[in-house]
Every structure is written in structure tokens, then in C-alpha cells.
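Lifted from TrEMBL, the feature list:
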ACT_SITE  C231  active site, nucleophile
BINDING   C109, A110, A111, P112, G113, G114, K115, D133, D178  S-adenosyl-L-methionine binding site
COMPBIAS  305-320  compositional bias 'Basic and acidic residues'
DOMAIN    22-301  domain 'SAM-dependent MTase RsmB/NOP-type'
REGION    305-338  region 'Disordered'
Amino acid sequence: MVLPEQFKNRMRNMLGDEYQDFIDSYEMPRQYGLRVNTLKVSPEEFGEMAPFPVERIPWIKNGFFYKEGIFPARHPYYAAGVYYLQEPSAMTPASRLSVEPGDRVLDLCAAPGGKATELAARLKGKGVLVANDISNSRARALLHNLELFGAANIFVTNEIPARLAESFPGYFDKILVDAPCSGEGMFRKDPDVIGSWSSERVDFFAKQQRSIVKSAVEMLRPGGVMLYSTCTFSAEENEGTVGWLLEQNPELELLKLEPYEGFSEGKPEWGGGNETLSCCVRIWPHRMNGEGHFMALLRKRTAGSEDERKRLEQQEEKQQNRVKRKKKEQPKAEGKLEAEEKKHLEAFLREGGAQLPCGRVESRGGKAYLVPEMPDSVKGIRFLRNGLYLGEFKKGRFEPSEAYAMYLSPECYSKVLSFGAESEQVEMYLRGETVFDIKVGEKCKNGWNLVCVDKFSLGWGKLSNGVLKNKYLCSWRKN
Ligand SMILES: C[S@@+](CC[C@H](N)C(=O)[O-])C[C@H]1O[C@@H](n2cnc3c(N)ncnc32)[C@H](O)[C@@H]1O
């Protein structure tokens, strides 16, 4: 692998005696991993039922290594959202942010969802995940992955962080900032990144990261916890950014991350000398089985000293005023279901013996959504999805959505048609073809059926006289 001379010089200066081991790691095979969706299956169960050889990743509870030459994305379990393909060190940031059901969580730079899908799974349907990305096309991929995972309590936004900060001052319990970076830890996985590397880009990202984390801190509640991560090695973008953040925000303190023997400490001298920077964690490819990552876990202290309390109060007041001004500017949007719509939705739920989780159902443009609790100040925020898209009202009936199918499990719906993972029928279904010769049985009946591969939902199909009309979402179909 041909690496830029300037990059090599920088790494030689950083690593000293270790430099040769680091460079040699570029000749070693890259690491392949998948992370199990705990909304659908436990890691233990997956370990027993995995359709190809896997090995547990020692520092990630629901992570598994698989070998080069295996293609997990081709298996129907991938289409069922049973796992997400992710390089093992990239699994680490979300694994070290202690998200609990009921938390308000923000993933500020979330696309395509490698970490947001894990945060959503940890919430177990309670609380809310705001998953944001500045790029609209990448935010679409993020939404797709969250829906594939069956995540319901989501708000997928496409905003600049400063705009979000106006709407969510001091709102979140947990924030992940997986910042855009120079990607030095991606060289082995994606050699194209090498071509775009330059020391100017390192400086560019370091500056951009400061502006992103500044907004993130404004959105963290006192006592809340934030994890900052990158997939790069440069000091400027890692200890440098975190050192600056600590200087600007004395209410922040670094916490230790749940340890693993392969992790290395951050270097205070690379970030202005603050000794606590040693709490940061680095994953070096020559020291453990990961491509490379940096992580810092920060907590916003609750007001302690009188000065600090006053400063936080002033900050809070300023932010609340901004929210009040915004509220005045925007009329309240109406989203209640019409009586007819309510009737059609209830008829559908009754037919399948399904129950919606607690929450508010809203209708927008003839579509129904189960929406999470949100402050009024979100009005005006650009978003792709608010909550779980349940389905559409069409010609006097309700048609359930793909996202709703992915959210459901066969235990929650009374009409289920399950294909075996190795069957030709599951492949036909995923290609969008009509499936014939289906026999009705105890669970599989005429009408809307939740189509599954083994016990994992894939989508909808409408059964009549042994013929399954395929309702699998066109844009998700296999070619
Ligand atoms: C390292 S990637 C995130 C990867 C993602 N967390 C995952 O695990 O799949 C950084 C992301 O930040 C987004 N981004 C770049 N500048 C941003 C900004 N100013 N605010 C928010 N997101 C930004 C990029 O579009 C990109 O998707």
C-alpha cells in the first residue's frame, strides 16, 4: 500500500519506536465484522444460529468477526435487519455510550447509521433517538438503515448542528458525535481515502469538528454524557479537538471508558497538556484487531460553584428565550387522524390482532405515523422522518408500510407467512415476485400477512387463493 510521505512523516513523529509496527499493519489483512440487532435477537442466540462461521469480538458484546470471502449482506437475515456490517473498531463508540431505555439521545453526524442503529437498539423503543446528518443523500441511507433495524422512536433530521442547537438547548441525556474526519483509519478498508488525504484536510476537519462539538455541548443537559469519536489518528482532530473543548467549557470533564486490554490511552501532550486527556481511548491497528479509532467520553457537570451555576443559568436562559422566539414565529401544525382514517387503521390492527405501542398517532398527507414526544421548538427543523411510519390511507383502506413490518415481530401479528432462510420462496419474495402455491395454515391466512424469514419479519404480502401478492417495498428489492 503506497502511503503519502507526509502522512508517514507525521506518524513517525507521533509513534517513535512503534512506527514500524504501525506501518507493517498495512500489509496485514483488514478486519471484517457484523453487529447483531438486539431488537431482534440476542448475541448468544445469534452465535448459535449464525448461518456462516463467526467469532465473538472480545470488546463488543453483540459484535462478531467474520472472514473475508463470506458475504453476510447476501443472506436474507441481512434484509431482515438481523445484523449490520461494521468494521470492529467502528462498533466501539456506540458500545461505550451507556444509552438506557427512556433516554433522549442525539447522534449528530449519524449517516449511514453504523452507530445510530446500535443506539436505537439500546433504547428498546423507549425515549427518543434524534439521528442527524448534514448530507441529505446520506440521511436517506441513515433512515433506510434505521427502518431496516425496526427502530420506531426516531427523529431523522437533515440539519446543520447550530440549527439543531437552537431547537434542543440542554435537551439530551446522551450525545454521540462521530465527527467527519480525515479518515486515516480507513486506509486499509478503503484505499481511495489515501488519495484524498492531505495535511490541509487534517486542519480543515479539526476546525470543522470544533464547530460541531460546540453545538453538541449546547444540546447536552447538565449531568448528560457525550461521546466524541473519529476514525483518524491525527493529534489535531483527536486530543487537539477534545483539549480545545475542555478549555472552552469548564463544565465538561473527561470520563474513563469501559476498558479493554487492547485499548491505548490518549496522549495529553497531543492536546495542549491537559492530563485528563489520558482518559481518551485510541484503537491502533498494530495493537489490536481494529482499523483505528479515537474516543473521548465527556460529562457536563451539574452546576457546582456559584460562578458555574450562574454561567449555566445564563446560558440556559438565553437558549430558552431563543426557543420561545421560535415558538411564536411558527403556527402549531395539526396532525390528528380524521375519524375515517382512525376507522381504517383500527380495522387493519384488529384484522391482524396488532396493538400499537403507547404514543400519539399523527396523519400527514394521507400517511400515518406513530410520533415520539418532542419539544414544540422542533418546528421548522428539516427532517426525513418523525417516528414510525405506519402506512398510508388509500381508497378507503389502510395499507401498512415496510417500516411497520420491520418493527413488528411474528409474535405481535396474527397472520404470518414464514419462509426458511434457504428456500427459493424467500429469494422470490425479496426480488418482488409473486409467490404461488401457498397453503393457508394456523398462522398463515388470506389477507395481509407479515412475511418472515424464519422468525424475522421482511415485509408484507397479501394472500388470496394460494397466491401471495408481493408488497415488499420496491426500492428495497433485490435485483
Ligand atoms: C464519520 S461519518 C459518520 C458515520 C456514522 N456515525 C456511522 O457510524 O455510520 C461523518 C458524517 O458527518 C456528516 N457531516 C459532515 N459535516 C457535518 C456537519 N457539519 N454536521 C453534521 N454532520 C456532518 C457527513 O455527512 C458524514 O455522514
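Just so you know, glycine gets a Cβ as well, placed from its N, Cα and C.
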Distance [Cα-Cα, Å, rounded] between C231 (active site, nucleophile) and C109 (S-adenosyl-L-methionine binding site): 13
Max pairwise CA distance, angstrom, over record-listed S-adenosyl-L-methionine binders C109, A110, A111, P112, G113, G114, K115, D133, D178: 13
Beyond the site residues C109, A110, A111, P112, G113, G114, K115, D133, D178: chain residues whose C-beta lies within 8 Å of the centroid, for S-adenosyl-L-methionine: D107, A116, A131, R138, L142
Cβ-Cβ distance under 8 Å to A111 (S-adenosyl-L-methionine binding site), same chain, at least six residues away: D133, S135, R138, A139, A141, L142
Site with most surrounding Cβ atoms, counting all protein chains shown within 10 Å, from the recorded positions G113, D178, C231: G113
For C109 (S-adenosyl-L-methionine binding site): intrachain residues, at least 6 apart, with Cβ closer than 8 Å: N132, D133, I134, V177, D178, A179, P180, I212
Integer mean pLDDT for the domain 'SAM-dependent MTase RsmB/NOP-type' (22-301): 97
Cβ-Cβ distance under 8 Å to K115 (S-adenosyl-L-methionine binding site), same chain, at least six residues away: A90, P93, A94, D107, L176, D178
Assigned conformation of D178 (S-adenosyl-L-methionine binding site) - DSSP reduced to three states: strand
